[in-house]
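Q: According to Swiss-Prot, the feature NAD(+) binding site maps to Asp35, Thr36, Glu37, Tyr38, Asp39, Ser84, Leu85, Glu116, Arg139, Glu176, Lys293, Lys317, an assignment based on sequence analysis. Sequence annotations record features per position, and here Swiss-Prot assigns active site, N6-AMP-lysine intermediate to Lys118. The Zn(2+) binding site annotation in Swiss-Prot covers Cys419, Cys422, Cys437, Cys443. Residues or ranges marked as domain 'BRCT' in Swiss-Prot (evidence: sequence analysis): 602-683.
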Amino acid sequence: MGLPEDVAKRAAWYRSELERHSYAYYVLDAPTIPDTEYDKLFRELQELEQQYPELLTADSPTHRVGGVPLKEFPPRQHGVPMLSLNNAFAPEEVEAFDKRIRDGLETIAAVDYAVEPKFDGLAISLTYENGVFTCGATRGDGVTGEEVTPNLRTLRCIPLRLRGEGWPALIEIRGEVLMFKADFAELNARQRERGDKEFANPRNAAAGSLRQLDSKITAGRPLSFFAYGVGAGADALAVKTHGEMMGLLAAWGFPVAEERRVVQGVRGLLGYFVEIGVKRPGLPYDIDGVVYKVNRLDWQAQLGFVSRAPRFAIAHKFPAEEALTEVLGIDVQVGRTGAITPVARLKPVFVGGVTVTNATLHNEDEVRRKDVRLGDTVIVRRAGDVIPEVVAIVPEKRPMRDLFGSEPLNPPFELPATCPECGSAVVKGDDEAIARCTGGLYCPAQRKQALWHFAARRAMDIEGLGDKLVDQLVDAGLVHSPADLYGLTVETLAGLERMGEKSAQNLVAAIDKSRQTTLARFIFGLGIRNVGEATARDLAKHFGGLDALLAADSAALQMVPDVGPVVAESLAAFFAEAHNREVIDGLRRAGVSWPEGEPAQAGPQLLAGKTLVLTGTLPTLKRDEAKALVEAAGGKVAGSVSKKTDYVVAGEEAGSKLEKAQELGVPVIDEAELMKLLAKGVE
């Protein structure tokens with residue numbers, strides 16, 4: 001039975017509409033329909049393609065959600081090599097470049113140059129055949145890259161079919177994949193919320209996101225693309241200048257830099273460099289310089305190439321964003337999780353587009369390694385949105401006690417023994433670089449984080465008490481510790497922003513409901529470092545009551561399964577702090593209670609001694625439910641994959657954990673196979 005003609009027309013219409021709206025949203029930044037309408041069109045096309053698989057085409061927008069994970073990236077040879085550019089760092093080098101160009105062209109007249117920002121991302125090449133995107137690859141060594149086509153299809157700003165007309169049968173589009181600063185900040189915020197490792201900078205985030213074997217992970221990352229040239233197929237274009245070529249790329253549907261233009265002579269080059277340098281801090285993406293290219297394409301061909309770089313182009317790199325200044329003092333700051341960070345107070349200095357008065361020293365070990373002291377002259381670096389840091393001292397400028405320079409005037413930095421915010425003890429593990437305040441529940445610097453964690457669903461489960469409301473309560477001085485939550489009234493809450501009487505009543509009811517909890521939830525809610533849900537359950541089961549736990553010494557704590565010296569030290573330090581004991585007593589006085597002395601009855605331990613890792617979205621089970629089932633059967637659920645992992649349970653959109661399992665040869669099972677293990681055990 002053939003494909004109904006009306007169905008084929010409908011699918012073509014859906015594809016055309018979706019690409020039109022995507023182009024308006026992601027390239028023109030001018031949305032034409034609400035997201036809900038776009039999603040509706042997308043789902044209808046998906047349903048058609050599922051019903052009629054023969055409808056699926058290479059340019060279908062449904063490819064943008066990602067597909068089956070790859071085992072590796074195949075190599076891909078570029079039709080025309082992707083050469084690197086020579087660099088210039090000083091005006092004299094730019095003047096020398098311009099002279100070489102004029103000498104090569106045998107002209108004394110000023111040359112027209114196409115100029116544009118140098119994106120700080122990952123260079124890629126996109127191949128289009130008859131206007132349809134068929135292949136994409138990274139730069140690699142310039143001759144051969146890695147094919148990452150499925151991942152590039154997920155970038156909504158890359159056209160799957162070229163717009164307009166005038167493109168040859170085969171053409172390679174060159175450009176850069178990057179991540180906007182705002183998107184990078186949001187991605188790292190999500191990484192923090194999930195407890196995953198944060199990315200160091202937008203470039204690393206873009207590169208890591210593009211080189212995922214599972215394209216569904218790439219689809220979930222906020223990547224962007226800018227086109228800046230053409231490889232194979234350039235000879236077939238009816239354009240005479242690079243500027244005209246960029247206009248053609250924009251007409252075909254590619255994002256191109258708005259800051260590009262054509263300037264004349266070396267004076268125009270240097271003027272553009274200064275202009276972009278001033279604009280740089282306000283640009284939505286990172287750049288590390290500007291690119292100059294001879295504008296006329298016939299002159300580019302005449303000048304040719306030298307070694308592995310074109311003669312007709314050069315990258316003018318920005319200087320390192322560093323400056324010298326004096327250390328006026330070394331303070332310590334307390335983070336939301338109790339981390340103690342030394343910070344250098346500096347004589348104000350202009351660097352990286354802003355006036356810097358403070359710079360991080362990271363931790364005590366770093367201060368000692370760099371030997372930063374009061375009065376030192378130091379090198380301060382700032383790049384983009386990165387927090388300014390002290391790179392090194394200038395030894396010859398250090399203040400000395402005498403003219404002979406035999407002894408420094410100021411002593412080495414010493415970390416304070418107590419927290420400057422609350423006076424609680426500061427501790428640092430033997431194998432840890434970061435020192436921490438032990439006043440978790442009491443410390444003002446940690447107050448918001450402690451309250452948010454205490455109210456979380458897996459802890460005391462106070463529905464409606466989110467981070468924004470916690471901010472209001474703390475900022476208004478209404479709540480200083482978790483115990484204060486139980487004194488809040490409807491009248492007090494109703495006066496807060498976006499909190500009506502009904503919402504206030506619901507929150508007071510949720511707080512009241514949380515008074516009856518379990519010991520495991522209470523322990524987890526205290527936010528003790530290194531004590532997660534599983535450890536909290538083990539502690540509750542082992543000790544049966546809070547008083548027994550409070551009285552336990554390090555040796556007794558290490559009798560609990562999976563509690564070693566590090567966890568025991570965290571528990572002992574937390575409970576030894578008088579302020580934390582006061583908060584616990586306050587919670588008990590507020591009526592927070594739980595059944596004591598009734599450890600849970602263990603069921604059949606069919607997974608005893610087995611370690612499982614959960615990744616992705618399971619068909620019917622929530623992750624919490626799957627974890628509880630595994631632990632009830634005696635198994636352990638770990639957060640990362642290692643050689644000691646027995647099984648990885650993978651659902652939809654499984655990420656890097658699935659890749660790690662495949663790499664290590666760890667068995668991968670689905671939800672159905674997990675249920676069999678829970679019912680019958682390991683055969």
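Each Cβ is built from the backbone N, Cα and C atoms, and glycine gets one as well.
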Q: Which ones in the same chain are close to Cys422 (Zn(2+) binding site), with CB under 8 Å and 6+ residues apart in sequence?
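A: Same-chain residues close to Cys422 (Zn(2+) binding site) (Cβ under 8 Å, separated by 6 or more) are Cys437, Gly439, Tyr442, Cys443, Pro444, Ala445, His579.
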Q: Using a Cβ-Cβ cut-off under 8 angstroms and a sequence gap of six or more, which residues of the chain neighbour Lys118 (active site, N6-AMP-lysine intermediate)?
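A: When sequence neighbours closer than 6 are ignored, Lys118 (active site, N6-AMP-lysine intermediate) has Ile287, Asp288, Gly289, Val290, Val291, Ala315, His316, Lys317 within Cβ distance under 8 Å.
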Q: By DSSP, what is the split of the domain 'BRCT' (602-683) into helix, strand and coil residues?
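A: Going through the domain 'BRCT' (602-683) residue by residue, I get 29 helix, 16 strand, 37 coil.
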Q: According to DSSP, does the residue listed as 'active site, N6-AMP-lysine intermediate' sit in a helix, a strand, or coil?
A: strand
Q: Could you say whether, by DSSP, Cys422 (Zn(2+) binding site) belongs to a helix, a strand or a coil region?
A: coil
Q: For the Zn(2+) site given as Cys419, Cys422, Cys437, Cys443, which other residues of the same chain have their Cβ within 8 Å of the site's Cβ centre?
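A: Not counting the recorded site residues, we get Val334, Gly338, Thr418, Pro420, Glu421, Gly423, Ser424, Val426, Thr438, Gly439, Tyr442, Pro444, Ala445, Gln446.
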Q: Where does Arg139 (NAD(+) binding site) sit in DSSP terms: helix, strand, or coil?
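A: Coil, per DSSP.
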Q: Mean pLDDT across the domain 'BRCT' (602-683), rounded to an integer, is what?
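A: Per the prediction, mean pLDDT sits at 84 for the domain 'BRCT' (602-683).
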Q: When the number of other CB atoms within 10 A of each residue's CB is tallied over all shown chains, which of the binding-site residues Leu85, Cys419 has the maximum?
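A: Answer returned by the neighbour count: Cys419.
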Q: Same chain only, sequence gap of 6 or more: which residues have a CB within under 8 Å of the CB of Lys293 (NAD(+) binding site)?
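A: Once residues fewer than 6 apart are set aside, Lys293 (NAD(+) binding site) is near Tyr113, Ala114, Val115, His242, Gln300, Phe312, Ala313.
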Q: How long is the line from the C-alpha of Leu85 (NAD(+) binding site) to the C-alpha of Cys419 (Zn(2+) binding site), rounded to the nearest angstrom?
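A: For Leu85 (NAD(+) binding site) versus Cys419 (Zn(2+) binding site), the Cα atoms are 51 Å apart.
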Q: Can you tell me the CA-to-CA distance separating Cys419 (Zn(2+) binding site) and Arg139 (NAD(+) binding site), as a whole number of Å?
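A: Between the Cα atoms of Cys419 (Zn(2+) binding site) and Arg139 (NAD(+) binding site), the distance comes to 50 Å.
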Q: Go through Cys437, Cys443, the listed binding-site residues, and name the one with the sparsest Cβ surroundings, counting other Cβ atoms within 10 Å.
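A: Each of the binding-site residues Cys437, Cys443 was scored by Cβ atoms within 10 Å; lowest is Cys443.
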Q: Glu37 (NAD(+) binding site) has how many other Cβ neighbours within 10 Å of its own Cβ?
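A: Glu37 (NAD(+) binding site): 12 neighbouring Cβ atoms within 10 Å.
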Q: Might you list, by sequence position, any residue in that chain lying six or more from Arg139 (NAD(+) binding site) with a Cβ less than 8 Å away from its Cβ?
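A: In sequence order, the residues whose Cβ lies under 8 Å from that of Arg139 (NAD(+) binding site) (at least 6 apart) are Met82, Leu122, Ala123, Ile124, Ser125, Gly145.
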